[in-house]
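Pulled from TrEMBL, these are the features on record:
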- 2-91: repeat 'Solcar' (REPEAT)
- 109-214: repeat 'Solcar' (REPEAT)
- 229-320: repeat 'Solcar' (REPEAT)
- 63-84: transmembrane segment (TRANSMEM)
- 109-128: transmembrane segment (TRANSMEM)
- 187-208: transmembrane segment (TRANSMEM)
- 229-253: transmembrane segment (TRANSMEM)
- 296-313: transmembrane segment (TRANSMEM)
Amino acid sequence: MSDALICGLAGAGAGIIAQLLTYPLETVNTRQQTDRNSKKMKQKIGTIEEMCQVVRQEGWDGLYGGLAPSLVGTAASQGVYYYFYQILRNRAETDAFERKRKGIGDGSVGMFSSLLVAALSGCVNVLLTNPIWVVVTRMQTHTTKDKVNHTKLVASQDEISAVVEPPPYGTSHTIQEVYGEAGILGFWNGVFPTLFMVSNPSIQFMLYETFLKKIRKRRVSSKKGANDVTALEIFLLGAVAKLGATVVTYPLLVIKSRLQAKQDICGDKRHHYKGTLDAMMKIIRYEGFRGFYKGMGTKIIQSVLAAAVLFMVKEELVRGARWLLTGRAAISVR
């Protein structure tokens with residue numbers, strides 16, 4: 001099994017675990033990002049309070065809307081990202097080694113190369129998995145009120161009186177809705193700000209690799225071994241790296257969520273976005289620059305926790321897989 005495939009599978013598994021642990025926070029954050037009501041910003045509803053509010057009004061299902069496609073998307077995204085990241089990283093390390101043989105550099109992958117590797121991996125990931133995240137965003141932002149409105153649109157007045165529960169808003173219905181509104185291209189709504197957002201994992205991995213390299217150099221100089229990095233240290237490195245990346249790129253995340261959520265075509269024109277630039281200008285005009293940072297506190301908690309868990313679990317899975325393969329190889333030789 002190749003090293004890239006090991007990293008890809010480990011990344012997918014770690015991503016699923018991190019997603020399961022932090023999904024309620026992600027749902028609340030997506031709703032905060034797509035909320036166009038400027039008055040709500042002044043109420044200062046806390047994350048925990050908002051989660052409790054969703055549970056009271058919609059039950060626990062409200063916090064886990066779109067979980068199934070989200071897990072598929074997480075596994076696909078992390079698997080694709082880590083697979084291509086490892087392939088490109090190996091190529092960058094080979095090039096760095098060749099330059100060292102020619103007397104150029106010290107043989108290590110520089111910061112710019114690390115940034116480029118992460119960016120290219122992110123672009124491939126976005127183009128392949130964006131349709132999944134359009135479906136997830138729709139399901140996360142679909143409230144009980146939306147379900148009732150949908151029922152009124154599809155049923156006559158006599159039928160409405162007989163309805164007790166609105167029809168379920170499942171994955172297949174969401175796919176049909178997106179296709180009905182914009183065709184195949186609708187599944188790539190928000191792809192442009194998402195492509196720009198590859199700078200988030202790029203910055204994240206650049207910081208992570210830089211900090212990890214420094215720790216390992218210190219361990220080598222102190223004769224503790226370059227690989228003697230604990231799970232807790234990986235957890236903290238992942239958290240710090242994700243925190244820095246999230247603060248820088250959060251406005252792009254808000255624009256992406258607004259474009260992927262259901263558009264209010266027949267309602268207030270302020271809530272209908274024609275594209276990335278239109279969304280940006282309307283947020284500035286009607287909500288001010290604060291609109292770009294709606295729900296940022298929730299996102300920091302969710303993304304930092306998820307990234308820290310992902311890095312820690314992924315490193316342990318990779319380490320375990322390599323140990324199993326090495327052990328089996330040693331046994332077969334004997």
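Keep in mind that glycine also has a Cβ here, set from the backbone N, Cα and C atoms.
The model shown is predicted, which means the values in this text are computed figures rather than measured ones.
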Positions whose Cβ lies under 8 angstroms from the transmembrane segment (229-253), at least six residues beyond its ends:
33, 193-194, 196-197, 199-205, 207-208, 211-212, 215-216, 219, 292-293, 296, 299-300, 303-312, 315-316
Beyond the flanks of the transmembrane segment (109-128) by at least 6 residues, Cβ under 8 Å:
76-77, 80-82, 84-85, 88-89, 92-93, 95-96, 191, 194-195, 197-206, 209-210
Summarise the model confidence on the repeat 'Solcar' (2-91) as a single mean pLDDT, whole number.
80
